[in-house]
Structures are given as structure tokens and as C-alpha cells.
Amino acid sequence: MAETSNPDLLYTIVDEAPELASASLLPIIRRFASAADINVGTKDISLAGRILSAFPEALTEAQRQSDDLAKLGELVKTPDANVIKLPNISASVPQLTAAIEELQAQGFALPDYPEAPVTDAEKAARARYDALKGSAVNPVLREGNSDRRAAKAVKNYAQNNPHSMGAWVADSKTKVSSMSGDDFYANEKSTTVTAAQAGDAKIEMVAADGSVSVLKGGWPLDAGTIADATFMSAKALSAFLASAIEDTKADGTMFSLHMKATMMKVSDPIIFGHAVKAWLAPVFDKFGAEMAALGVNPNSGMGDLLDRVADNADIMAAIDAVTAQRPAMYMVDSDKGITNLHVPSDVIIDASMPAVIRAGGKGWDADGNKGDTNCVIPDRCYATIYDETINFFKANGALDVTTAGSVANVGLMAQKAEEYGSHPTTFEAATNGTIRVVAANGDILLSHDVEAGDIWRACTAKQAPIENWIQLALDRQRLTGSEAIFWLDANRAHDAELIKYVTPALAASGVSDKFQIMAPREATAQSLKTITAGNDSIAITGNVLRDYLTDLFPILELGTSAKMLSIVKLMKGGGLFETGAGGSAPKHVQQLVEENHLRWDSMGEFCALGESLNFLADTQGNAKAGVLGRAAEVATQGILDNNKSPSRKVGQPDNRDSHYWFARYWAEALTAQQDDAELAAYFAPIATALAEKEADIVGELAAVQGKPADLGGYFHTDAAKTAAVMRPSATLNAIID
Ligand SMILES: NC(=O)C1=CN([C@@H]2O[C@H](COP(=O)(O)OP(=O)(O)OC[C@H]3O[C@@H](n4cnc5c(N)ncnc54)[C@H](OP(=O)(O)O)[C@@H]3O)[C@@H](O)[C@H]2O)C=CC1
Ligand SMILES: O=C(O)CCC(=O)C(=O)O
Ligand SMILES: [Mg+2]
């Protein structure tokens, strides 16, 4: 896609299903925006794009790519930012290596991902690749707090067109299992940095022999920052996982582990690896050395492990023998034999737990049978929300979508708040000893005695973001009059520090009576009661619960989080408009490739586009942008009112059809509006052509379905092939181009 000069708004180039959708939608947006002299630029934050930009010296001049993420990261710290951000891959190691291999096969001379770097060159390549791993994009762009909610029209649509929900029965054996101690929850310590302590802190390991090594120096802590540290005991974790496997077997349910290995890219793959080791414990006991020699890294999952040991009949036989003893395993894809422990990025808790809950507590086993599942979430900081939700539905039956109210979210997110900013300060203890945070003035702020293998982490929440978050909560409560709950646990060290900011701020604004502060479990029960009664609630949460709740409640209320309005009010005045609250839906790409049907719903893009154009109108005084934005809202409503969202099944209208309808309703709304005669005149013939050619366009879109589609790549698709697949209607293209 050609880059326009001085773009007024930026659309992100991403991965997988949303990127395919963009191949069809972006030309429409650009054509419509040009009528108001709005330049829509693009910035490539795809995994492939980020890999290519990290290795300029390995590429030819023509192959090189600029570091668009860095540029966007600067832009969001200015008042000029107006960015539409689609979901991108937060890569696990298997995803990263697959992307590198694909690019190499396409002729990009990238180095291999060094699994065990030895030489300086390998270490340097590894460091560059590691910077691309996991959630490497969102934290860079999220220079503001999060406001996620369902637009009224979307909520009304869901009530009138309820999605299917599995039934919940009181004797369901589905449950959440967590550790009983020595987890991050139990070990958390927190402090608010004083003016005397402010400055560059360091994190040190004091080994049992008294020697001190610096794990991280130059860790800036400003006065007013809440700094936390905690650790999970590796021994306690292993013991817990072993007992959870036995417990699952005794219950006759399926074993499933739910982690966030993408966002928590250092700690959670390690926890995931412990689960792989626990599951195959007898195999690791007997063949540990052989498996290590074959390059097995349990943190990369069972899929990678099986590939590496496939030629060793003894190990394979041992794996089969253990598997026969194990309880049933929750499957990601039973047809293809993809298990819960296959890849750390396949079962991501924010999406995976709501999917189980929406299905009435059911998962699928290796034979494709539905059944109850033991949802293993080792740490207790946030597991309680799922436990309470499951208890609530067992007691009350599934949510009635036709009458349920809505839970919106105001999330503390800015400047890598809380655990989601902890990657650079997470360590797997190399030896027994003490890990401590030493302030610039020498004060020991936080300290823990750990054993080798324990997972220790520190993180911060900064004062300005906290104050901005509280203000956002006040604004949303005032605008809606809804119940408003700060989901904070007074018994948790970090939350107790945060409450010290919240309570006085509410009092100073004279609104203490309009807000409640509740621990996550109690807040879950209260919010479920509220929406069951048909009322709305605002969940004001930290960063992790922002993530979890903005999938959980939308998936229950709307069937999907794809339709969420997801606004990041940047602290420097710009706007970041995320599209939906979900991810990049790899399964959808698979379906497109197999049968040329894309079930991706662009409702999130439609909502974000309207917001972004209205924001442009405000910030640049561009009245035409406002006309386009309001018309986009009418078009979005039209998609809902007329049921023009994509269907899931091949042979029925898909993502591309919904874009045709969006363009048509948008053009019709622009023609009908009376604020700008010039725009009305411009769009009248477009609206007419789109209406007159409906049968041709819909026919051309339908004709391509049912056959495989060739994109020329997965992570790095061929632009021309993708355009051909995603824009198959010559009639529509002739109107748009
Ligand atoms: N904001 C971001 O950048 C985010 C990125 N991610 C990344 O996305 C990838 C996949 O993550 P995963 O946890 O599987 O979550 P996803 O949200 O991608 O997928 C879960 C399921 O949600 C449904 N879904 C999500 N979005 C849409 C949509 N627009 N239209 C229709 N259905 C939708 C699909 O259900 P069905 O298959 O039933 O149709 C999909 O399979 C990972 O690489 C992850 O790191 C994840 C979350 C946020
Ligand atoms: O950045 C990521 O990896 C995931 C983000 C996410 O799930 C969210 O913001 O809801
Ligand atoms: Mg999420």
C-alpha cells in the first residue's frame, strides 16, 4: 500500500484475519476519506514487518523496511496522533520462528532464530528477535488509559439477536484450580516511591554466598510511582500442577491450562513449560538429558517437543505410555491433534476462559467430545473472577442475553502499567538468594528470598497515569450514571497502594458515594447481579483485568469482543482507536485459505473509524471529517439493523460482503445528510452505482467462495494475491477505484 504524505490518520498494517479484512476495507476508507481531503496513511506493525525492520543489514536495499512501530511509538506521545489500531500477533517462539522461516523462504536472508546463542553474532540476533516476541506492540502504543464498552446500537442488536449460549447446570464439574500459596498473589509487596527515593533504581540478586549481581540497573522510578515485586515458587508451582493433573483425573474432567504467554512473555511461558514438564513428568525424569540434547524447550510447548523427539522411538513410546495414564486433555483442535499444551499462544486466557464459560463450561477432548473441564490458572491474583463467574452461572444458569445489562471497562493501562509492563524486570532465579529492589538513594524498596527457578517480577504504575485513570472513571460515571466499581483488593499489596490514590481523589471530587471499591471476586458477583437485573456497571480496573474483562463480558453479552468500542485517550491529547477487544483470529485465515470464506467481523473497525473521523473533526477543525464520521456511524447502524455482518459458514455472505454494505450505507448516509452539500453531491452517484449494481457485486463476491484461496504467504502475504482474493468483485472495484 502506498504511503501518503502527511497523513491525517494512520491505519495499521497487521497480521492474519484483520489484515486480510483491511485489503478489502482500506481502499473503501481511502476513497471516501479523500472526498474530505483526509489522507489515510499506513504503518506496518505486523510481525513480518517488524522482523524485516530489525535486520536491515541482512536485506537488500529494496527489501528493507522502516521501523514503523518506533515511529508510531513517538507519534502517540504527541497531540497529533490519530491512529486506528487493529489487532496484531503477539508472537510466541513457535510463531516467531515460523514467520522467520517463511520470510527466509521468500528470499529474505534473515538469520535463523538462535535457540542456544553462543557467538556474539548469535547473541545479537537473539536479542533483536527477542525484542519482537510477545506483546511488543500494544504496550508501546498505549500511551493512554483504556475506555472499552459496547456502543448502544451494538448492545441493542445483541439483545434483539441473541447469540447461542451453552446451558449451565448446577452439577457441572467445570471449575477453576489455583495454587493455595507461594504464588504471585501471596508474595506480593508494594510501595509508593518517595521523592527521596526517586531516580534510577536497580534490581540485585544477592546469592547465598553473599555475592551480589545486578539483574537490572537504571530502572527509573519517579516519585509517586507504585512499585511492586513478587515471585512464584517453582517448587510450589510444580507440586500444584502435579496435583491438578491427578485431581482432574479423579474428577473425570479435562485438563486445561489458561495463561497469557503473549502479554506476560517472560513469566507465563515459564509457567507453561512447568505444565508441559508436569504432564510428561516420567518422560522428563527418564529422558531429560536426551531431550535437552535434541533441543527440547518445554516452554515452547508440546508441539515443538513432539517434532524434536519424533525420531526417537523410546521417547515416543514413553510419551504414549504417560498419555494413556493422564486425564483427558482439553483440545484446541481435536481434528488436527492440537492440544492445550501444544503452543503457548494457542490458549490465551482472556479469550479462552470466556469461550469455555459461554459454552456452559464445556471444552472438547481428543475425540471431539464435549465435556467439563478443570481450568488451571495457577496464580490467584485474577483467577478468582473466573471462579466466581462459574459459580454464579452454576447457581443461576447462563446469562439471558436478551435482557442482560452491560459491563463497560475503564482500565489503567498507560505507560506499561502494572504486570503488563513487567517483561524487562522478570527473572527466573538462577540460584537461591535474595532478589531486591534498591532505590537511587540506597533504600531497599522491596526484597524477597527466592530459590533457584522461582519466577520473580517487578512492575510499576506511574502517578500521572493513575490520576488520569481515576479522572476517566469519574467522567464515564458522570456521563452514564451507571454503577461504578473499582476492582481493587484491599488485601493485596499493590491494590492497597492504589486505593491510597483512589479514595482521596473520589472525596476531593465529592463523588465517594457514586463509587464502590471491591475485591475482584466480590466485584464479579456484584457486576453479574447487576447485569442480570438488566442494569449497567462500569468496571474500573488495573491493566490485567482490563484485558480479561473486556473479553469476558462482551463474549457473554455480545457473543464476541470484536464489536467493542475500544478507545485509548492518549495522555498527550492524541487518539488511539483500537478495533474491538480481541485478537487476530488465526482460525479465520485457515478457513479462508481452505474455502475462501472470511468470517472476520469488521464491526470493530467500523466503530473505530467513526470515532477516529469524529476525533479528526474536533482536533483539526475539519467539518467534512465530522460529516464522514457521523455517516460512518449511520452505516454501522445499517449493518446491524439489516443483519449484514459476516456469517460463519462458507457459501453465505462474508467479511467482503459486509464491506460492500458498509460502503453502500456510508455513501447513502453521505448523500442524505444536509450538513455538506458538496459531499452529498460527490457521494450521490457512488450511492446510486452501489445500489444499482447490488446483484452483480453480491454475485461476484459469492462466486469465489468454496475453493481454496492463495495468499502467497501467511505472515508475509503477497499484496497482489491478497488483493485479488479480498477484492474479487470487478464491479465493486470499478466503483471504489
Ligand atoms: N489487540 C491485540 O493486538 C490483540 C492481539 N492478540 C493476538 O491475536 C492472536 C490470536 O489470539 P486469540 O487469543 O486466539 O484471540 P482471538 O480474539 O484472535 O480469537 C478468539 C476467537 O474470537 C473470535 N473473534 C475474534 N475477533 C473476531 C472478529 N473480529 N470477528 C469474528 N470473530 C472474532 C473468533 O472466534 P471464532 O473462531 O469462533 O469465529 C476467534 O477464533 C494472538 O497472536 C494474540 O497474541 C490477542 C488479543 C488482542
Ligand atoms: O497485546 C497483547 O498481546 C494482547 C492485548 C489484549 O489481549 C488486549 O488488549 O485485550
Ligand atoms: Mg485481550
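Counting begins at 1 with the first residue displayed.
Positions of Cβ are set from backbone N, Cα and C atoms, glycine also.
Unlike curated records, TrEMBL annotations are generated automatically.
Per TrEMBL, Mg(2+) is bound by ASP547, ASP551; the candidate from ASP333, ASP335, ASP346, ASP350 named for the same site is ASP350. ASN138 is the residue from ASN39, ASN138, ASN543 that TrEMBL records in the NADP(+) site together with LYS85, LEU86, PRO87, ASN88, ILE89, SER90, GLY583, SER584, HIS588, ARG599, TRP600, ASP601, ARG648. The two recorded residues, PRO139 (substrate binding site) and ASP601 (NADP(+) binding site), show a Cα separation of 25 Å. The local packing around LYS260 (site 'Critical for catalysis'), expressed as other Cβ atoms within 10 Å of its Cβ over all shown chains, amounts to 27.
ASP551 (Mg(2+) binding site) is 15 Å away from ASP601 (NADP(+) binding site) when you measure Cα to Cα. In sequence order, SER135, PRO139, MET263, MET264, MET413, CYS459, ASN543, VAL544, ASP547 constitute the residues six or more apart from TYR420 (site 'Critical for catalysis') in its chain with CB-CB distances below 8 Å. On the backbone, the CA of ARG599 (NADP(+) binding site) and the CA of ASP551 (Mg(2+) binding site) stand 19 Å apart.
With a 10 A radius on its CB, SER135 (substrate binding site) counts 20 other CB atoms from all the protein chains. If you check the binding-site residues LYS85, ILE89, ASP350, ARG546, ASP551 against ALA136 (substrate binding site), the ones with a Cα inside 10 Å of its Cα are ILE89.
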